[in-house]
């Protein structure tokens, strides 16, 4: 329903426009005589008759001595809401100005004609947009505008439609259409400034004793001409600006200031030239870019200059030169900014150089990156050093056991009896580690030959000299440390091995910390020192049982390098030697104790 209501109102409004009777409108004739040598504008005011104006604007009448504050419609909110039409010469319905004439602009109740031409001639009607009462139907103004070019060429010094006033001095504003007539011949003139009536001024010139900023604006001068048949109003529009005196200085370049500019090779670059030009009435600024290479110099085609700031006294103009990519060749050139006005010219050259900070930054970042990489690699190397060494041994190292005249890769020593409660379960005791896990991993998996007294020596025990002999014939000594071990007779084996290692550089000792223990005061000084300096591998219970655990990797790291492919033959050879040594031992032990001697 709302849409239907709007459509109905639009149709009614359209019928009113089509059937709009302009016979009741007040009529005013205007003449616009324009010069073909200059650009000028023209304005029409919607000047309603006084009775209708007071009804439409709801304003109080002024006494004859009072001067209206504003030109009709310019100061009234109601009068700003008017509609302009043009009446075609062929009698067609009225045309909306806003839709059909782009060179005509409506500003409140004023029509601005931007370009002169005889095609602007015609009848223009203005009326209120909102018709609130039957009286408003006849509230309209019809203006008959005649436009023709100026034909009087006898006036050589006619006033311009654009006039300047010098600030701080005296000046005058002349009506262009009457500038060639003397004051005695000139008719009475009505002046308007920015839509306000200047009631005091009636001559063809406005004399200004001292020019200020507020004298700038749009002035309109009207006077009446008549003949025996009719009379009309001649109107001219003057654009007045207040200016300062022409500059006496050359333009100065604000940017670039320095004669060198650091750049990055391979990157795009924009060099800006900003220049400040002093005011000139005839303002023709010049700003260009040149390139100087050795003895050659040429102008560069760059984008158009643009004004970035304009004041009463000066204007700042900018023009840029754009390089898609900075090359080594550009570093050998000079880029010259050239600016000029009517007084003189100024130049500023710029030499490009490679940015040192970027190079240093790259070096610094590269150094830091290298340092971080080295630290990370060092940490990784430290963490996996054992695995790396073992991998290297597998493929590169030669067998260290060849030709050393030793029968065992390692002699294993552990506590054979227990006087302290074990911290481990029976399945993970020292004996289980020595007699079960060591053979399974070191012998069966990696091919090392071990000497285990409980396994490889015939029952009945061995003497101290026999243990020393076995250690001498071993490349490594493995000692499983525990409270039972350091407080029991097995510590003799460690002491003997330490003494032998001092003389035999091929004998290496490996300590296994099976569980926590305290060193007894009775330990020999040499053993105490050995506990601190010898390599120690910590047993971590069930975590160390798998053959691929770090415990076994550390054990292999300390074991001699051995070619595992030939371990079967070596084991057979070593086993036969052990049995030969056992038989010899039985025949030579008559009358000797089976217990190790006191140390």
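Please read every residue number as a count from 1 along the shown chain.
Cβ coordinates come from backbone N, Cα and C, glycine included.
Among the residue ranges 294-314, 315-335, 336-356, 357-377, the one that Swiss-Prot annotates as transmembrane segment is 357-377. Taking the Cβ of residue 345 (N-linked glycosylation site) as reference, residues of its chain lying under 8 Å away and at least six apart in sequence are, in sequence order, 250, 251, 286, 338, 339. When the alpha carbons of residue 21 (N-linked glycosylation site) and residue 493 (active site) are compared, the span between them is 135 angstrom. In sequence order, 147 make up the list of same-chain residues 6 or more apart from residue 119 (N-linked glycosylation site) whose Cβ falls under 8 Å from its Cβ.
The DSSP secondary structure for residue 119 (N-linked glycosylation site) is helix.
The Cβ of residue 493 (active site) lies under 8 Å from the Cβ of 413, 467, 471, 479, each on the same chain and at least six residues away in sequence. Around the Cβ of residue 21 (N-linked glycosylation site), a 10 Å sphere holds 9 further Cβ atoms from the protein chains shown.
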